[in-house]
Structures are given as structure tokens and as C-alpha cells.
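K.L.:
Let me give you the structure first, and then I'll get to my questions.
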Amino acid sequence: MSGTINPPDGGGSGARNPPVVRQRVLAPPKAGLLKDIKSVVEETFFHDAPLRDFKGQTPAKKALLGIQAVFPIIGWAREYTLRKFRGDLIAGLTIASLCIPQDIGYAKLANVDPKYGLYSSFVPPLIYAGMGSSRDIAIGPVAVVSLLVGTLCQAVIDPKKNPEDYLRLVFTATFFAGIFQAGLGFLRLGFLIDFLSHAAVVGFMGGAAITIALQQLKGFLGIKTFTKKTDIVSVMHSVFKNAEHGWNWQTIVIGASFLTFLLVTKFIGKRNRKLFWVPAIAPLISVIISTFFVFIFRADKQGVQIVKHIDQGINPISVHKIFFSGKYFTEGIRIGGIAGMVALTEAVAIARTFAAMKDYQIDGNKEMIALGTMNVVGSMTSCYIATGSFSRSAVNFMAGVETAVSNIVMAIVVALTLEFITPLFKYTPNAILAAIIISAVLGLIDIDAAILIWRIDKLDFLACMGAFLGVIFISVEIGLLIAVVISFAKILLQVTRPRTTVLGKLPNSNVYRNTLQYPDAAQIPGILIIRVDSAIYFSNSNYVRERASRWVREEQENAKEYGMPAIRFVIIEMSPVTDIDTSGIHSIEELLKSLEKQEIQLILANPGPVVIEKLYASKFVEEIGEKNIFLTVGDAVAVCSTEVAEQQT
């Protein structure tokens with residue numbers, strides 16, 4: 001398939017372009033079955049080449065690198081300096097002041113005592129500091145996961161009627177969430193979390209934020225009896241049903257005053273990044289001031305609900321409380337899988353965001369192992385599911401964090417709080433915790449992101465709104481299910497209905513582009529050029545064949561109507577076709593036979609190495625003929641247009 005071709009000139013002046021040497025489309029050297037399998041496995045599970053640092057090292061060095069891979073702290077601790085510690089100390093103290101009041105509030109979302117929220121900001125951050133690869137992420141309970149755990153566990157066991165078994169179910173869910181997370185990382189299946197699209201996450205988080213805020217109306221208004229459901233209709237019905245006698249005006253004044261204070265401090269922090277510490281310490285200041293006034297004026301005697309007693313002391317061992325059998329065992333696995341997935345998605349997204357801002361890399365699979373390990377250990381030390389908190393991580397970042405030591409500092413402060421300070425929270429009003437949670441979750445509602453999604457991709461926006469509406473009108477778990485289903489539906493739609501376009505030639509060039517994108521791109525008389533923007537698999541092969549056949553029919557009808565030359569060649573531009581399977585080849589064979597019956601020749605242009613190798617292996621190249629496979633669309637058009645011109649004369 002060599003020689004020269006003389007493409008016709010594009011200007012009609014009679015001048016001829018210089019001869020162009022036609023290049024043959026080559027198949028790559030055969031690699032062999034084992035090599036192919038090895039290549040696929042490496043690209044799927046080891047695309048980041050995790051073993052590259054082990055090459056050429058002594059056994060002792062390999063052992064050290066292996067330990068360092070599991071515990072990254074060993075690597076960066078050798079280069080740790082006093083300057084870095086100063087930054088980590090300031091950041092750790094700052095996020096500790098934020099996490100303590102948040103943890104007490106988030107524990108209520110999970111329907112557990114406040115101490116368990118504090119426990120979950122002690123052990124998990126210590127584990128993560130040794131095993132995690134993110135320098136900026138701050139670990140602890142978060143609002144969405146706390147609500148998810150509380151909602152799912154409450155549907156199985158009533159926390160008021162059977163608090164002991166409820167707590168055991170929470171620990172069981174935490175254990176299996178950790179197993180699920182660590183298992184994904186160990187098996188290098190981290191890519192699975194990418195199936196939950198960004199749009200679906202935006203919608204789910206926004207819906208969860210509104211649901212959480214509505215749940216806080218119980219403490220914010222001083223309502224004693226409140227619905228266990230999370231949908232907006234049930235919550236608002238419960239709120240207004242108690243409006244006449246169930247609301248407490250002192251509680252409302254406390255909540256509204258401090259919510260205003262918290263929102264003002266957040267506004268100040270956004271306007272001036274140097275004042276990042278103002279919104280960070282505002283929750284703790286709010287707790288201190290409100291607790292002081294409730295104690296002085298004994299507002300609890302006037303109906304203001306308070307936290308009451310919080311046990312002193314650090315985390316007790318809880319491994320004996322995990323259900324490893326019985327009727328709640330499978331429920332623990334189910335809840336742990338769901339909550340673990342959400343926690344993992346949030347943490348990895350946060351870690352990637354701040355890593356990109358500081359221009360360093362994180363290992364997603366190591367992150368999953370670290371997060372999973374800390375939750376497994378946490379379940380054995382009276383913690384519930386912890387993950388990366390966006391609000392704390394943002395404060396951590398702005399405070400000048402250098403390494404994960406900030407998590408250690410935060411954990412130490414929380415431990416000291418558990419040992420010595422928890423009795424002081426006895427008179428903390430529930431309204432202030434509600435105000436803190438409301439101010440925190442408002443940041444999860446990303447209206448700008450939703451507007452951007454609408455502008456870019458309407459199908460993505462459907463996923464976003466489906467998850468959002470599912471959460472606020474039905475339940476958190478249904479909203480998550482909708483998010484996953486729509487994300488998968490979009491993937492299936494893109495796979496089964498790939499984009500296919502007609503190409504035309506741009507004026508005064510040898511460049512061929514989409515005629516819809518470039519209206520001045522002219523189609524060549526007698527030639528139809530089609531580009532398939534996807535791999536051709538069993539799932540879309542029939543669609544590709546039928547779409548190409550439909551275009552041929554439409555072009556034939558147009559040619560007949562306008563007196564243009566009939567289609568004699570169909571060129572398929574295959575450079576975007578990264579792969580093809582047996583069904584794909586079979587569909588092209590059927591298209592070839594169908595076109596031959598209409599006296600139309602099928603031409604392939606620029607098939608990639610994987611595709612051309614399979615075309616040779618299937619004997620399709622012999623069927624279509626090597627002379628009908630070209631390196632470029634330009635080469636194919638040059639030959640085909642000459643033949644069309646000859647047929648016309």
C-alpha cells in the first residue's frame with residue numbers, strides 16, 4: 001500500500017499540489033497474551049506505578065520503603081523542622097477550637113451522646129496522621145455522615161428505647177465502613193468512587209445540608225417532641241404543629257442571636273483571609289458565652305434545653321460491643337457500606353482539592369487505607385465514622401498547616417478537653433449547638449456550582465437536582481440512591497449512544513472538522529465522512545452501524561434532491577476509536593456489506609494500534625482490503641475524490 005497520490009487542488013485554478021506519499025497503516029508488533037493481560041492490569045490497578053521506588057534497592061531499603069508506604073509519616077518526619085511545627089501548632093489549635101463544639105453537635109445528629117463526637121476527633125486523627133498522605137485534611141465527624149448514620153441506624157433500632165443496641169449498631173457500622181474503605185484501597189479499586197459524579201455529589205450535599213439545617217429546628221426552637229423523619233414535609237409539619245405551645249422564646253433568642261453572630265464572623269473571614277481565625281474560634285466563643293449566661297440566669301429552669309452531663313475521660317475500648325453475628329450484623333454491613341462510601345467520597349475530594357492548591361500529589365488508594373484503618377480502630381475505641389471535614393480542612397489550610405501534625409495537635413487538645421473540661425459543657429444550650437451546625441452546613445449548599453453545571457451539561461444538572469430533591473423530599477438514603485442511579489445512567493447513555501458526527505473540509509486547508517461546529521466546513525461531493533467519538537463495543541455497535549446507515553440514506557436523498565453526485569464512498573474517521581471488540585467488528589462488517597449492495601465503498605481512516613491489530617486478527621482487513629484503510633482523512637479524500645470525478649466523466 002505504497003505509492004504517490006495527486007490530490008485535487010482546493011482552489012479550482014488548475015494548479016496541482018505536489019505528489020503526496022501515501023503512508024501505510026501499520027499494526028503494532030504482537031505483544032502476546034500474557035503481556036496484554038499484564039498491561040491491562042497495570043493500567044487499571046497500578047497506573048501510578050507504586051513499586052517504581054523499589055527498583056534497584058537493597059532488601060533493607062525495600063523493607064524501609066514498604067513500611068514508609070504504609071506509614072508516610074516516617075518519610076516526612078526526617079525533614080520536619082521547628083518552623084513547620086509552628087505552623088502545625090497554630091493550625092491544630094485553631095481547628096481544635098472549631099471541632100469541639102461541632103463534634104458535640106454532630107453527635108446529636110448521629111443520635112449518640114456528645115462524648116462520642118469528641119471521641120471521634122481523638123483516635124481517628126492520630127491514626128490518619130501516621131498513615132495519610134494529605135497535609136491539609138482535618139479529620140473528625142462531619143454533618144452529612146453523622147446524619148446518614150443517625151438516620152439509617154434509627155430506622156433499625158430506636159435510640160431512645162434501646163440505646164445500648166443502637167450504640168452497638170453504630171460501632172458495627174463504623175467497623176464495616178472502615179473495612180469497606182480499606183478494602184477498596186488495598187485492592188486498588190479507588191476508581192470506583194469516581195462513578196459518583198461531581199454533579200450528583202453537589203446535589204446530594206446540598207440536599208443533605210438543608211435536611212440537617214431543618215433537623216436543627218428542634219433545638220433552635222426548643223421543641224421537645226419532634227418527628228424522626230428527615231423529609232421536608234414531615235419536618236415542617238412537626239415544626240408548625242408545635243408552634244402554639246412547643247416553641248420556647250428564650251431558646252429562640254439564644255439561637256437567633258448566636259446564629260447571626262456566627263454568620264457575621266463567616267462573612268468577615270471570607271472578606272479578609274487574614275482574619276480566618278475569626279470564624280474558626282467563633283463557635284467556641286459562642287459556646288462559652290451562652291453556657292455562662294444560661295448558668296448565671298439558670299435559663300434551663302425556664303425551658304431552655306441544655307446538653308447536661310458529658311462523661312470525663314478518653315475513649316473506652318468498645319471492640320466487645322461490635323455485632324459480629326446476630327440480626328444486626330447484616331444491617332451494620334449495609335449501613336457501614338453506604339456511610340463509608342459517602343465519607344470516602346468527601347474525604348478524597350477534599351484531599352485532592354487542597355493537594356491541587358499546594359501542588360503536591362496524594363495517593364488515592366493510600367488515603368482509602370488510612371481512612372479505613374482509622375475507622376476500624378475507631379470502632380474499637382468508641383468512635384463513630386470519621387472522615388475529612390471541609391470546613392475544618394479549609395481553616396487548617398488558611399491557618400498555615402504544614403503537615404498532618406496539626407491533626408495530632410487537635411487530637412491532644414480534644415483529649416485534654418475530655419479529661420478535664422467536659423463538665424463545663426453541662427449548661428451549654430442545645431440552641432447554640434443547632435446554630436453552630438446550621439452555620440456550618442450552609443457552606444455545603446453550592447449554588448454557584450449548580451448554576452455552572454446547568455450551563456455546561458443538562459444531564460449532569462438532572463443528576464444534581466435528582467439527588468437534591470430526593471434527599472429533601474424523601475430521605476437521605478433515597479437521595480444517595482438517586483445520585484448513584486443517575487450517575488450510572490449517564491455513563492450507560494454515553495457508552496451506548498456515543499457522539500457521531502459528519503466532517504467537512506475547512507476552506508483553503510486539508511483539515512476536516514465537524515460541520516455543526518464549523519458551518520463553513522464543506523462536505524466533499526460523493527463522499528460522506530463520519531467520525532465516531534468513542535470506542536466501539538457490544539453496547540453501542542448496533543447504534544454506530546444504524547447511525548451511519550441513516551446518514552447515508554439522508555445524504556443520498558439530499559444528493560438526489562439537489563442534483564449532487566450520489567454517495568460513492570463512506571469514510572469513517574477512527575482516530576477517536578480507542579478500542580473495538582468482536583461485536584464492534586461484526587457491526588462494521590455488516591455496514592460494509594450493506595454499503596456494497598448500494599455500490600458504496602467503505603473506507604477507514606487512521607485506526608489506532610489496538611483497533612488495527614484487532615482488525616488484522618479478525619481478517620477484516622482482508623475483507624475490506626488494505627487499499628481501503630488510510631492513515632489520514634486527507635489521504636482517503638484525495639483518492640476517493642479522484643475516483644468520484646472519474647466516474648462523473
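Numbers run from 1 along the shown chain.
Positions of Cβ are set from backbone N, Cα and C atoms, glycine also.
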K.L.:
Do Gln216 and Phe324 end up on the same side of the membrane, going by Swiss-Prot?
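P.N.:
Yes, Swiss-Prot places Gln216 and Phe324 on the same side of the membrane.
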K.L.:
Sort out the residues at least 6 away from either end of the transmembrane segment (190-210), same chain, that have Cβ-Cβ distances under 8 Å to it, and list them.
P.N.:
44, 143-144, 147-148, 184, 232, 341-342, 344-345, 348-349, 364-365, 367-368, 441-446, 449-450, 453, 457, 460-461, 463-472, 476, 479-480, 483-484, 486-488, 490-491
K.L.:
So what pLDDT does the topological domain 'Extracellular' (108-111) average out to?
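P.N.:
Averaged over the topological domain 'Extracellular' (108-111), the predicted model reaches a pLDDT of 92.
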K.L.:
Mind checking how the topological domain 'Extracellular' (211-248) divides into helix, strand and coil residues in DSSP?
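P.N.:
Here the numbers are 20 helix, 0 strand, 18 coil.
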K.L.:
Which of 112-132, 276-296, 368-388, 405-425 has the most Cβ pairs closer than 8 Å to the transmembrane segment (432-452)?
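P.N.:
Stretch with maximum Cβ contacts: 276-296.
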K.L.:
May I ask for the residues of the chain that lie six or more residues beyond the topological domain 'Extracellular' (389-404) and have a Cβ under 8 Å from a Cβ within it?
P.N.:
73, 76, 80, 83-85, 87-88, 90-92, 94-95, 98-99, 102, 128-130, 132, 134-142, 273, 276-277, 279-280, 346, 350, 354, 357, 440, 443-444
K.L.:
Take the C-beta pairs under 8 A between the transmembrane segment (335-355) and each of 87-107, 169-189, 276-296, 368-388, 405-425. Which stretch has the highest count?
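P.N.:
Maximum Cβ contact count belongs to 169-189.
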K.L.:
Short question: which residues 6 or more past the ends of the transmembrane segment (112-132) have a Cβ under 8 Å from it?
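P.N.:
Same-chain contacts beyond the ends: 70-73, 99-100, 102-106, 138-141, 146, 150, 159, 166-167, 170, 307, 310-311, 314-315, 351, 366-367, 369-371, 373-375, 377-378, 381-386, 404-405, 407-408, 410-411, 414-415, 417-418, 422, 425.
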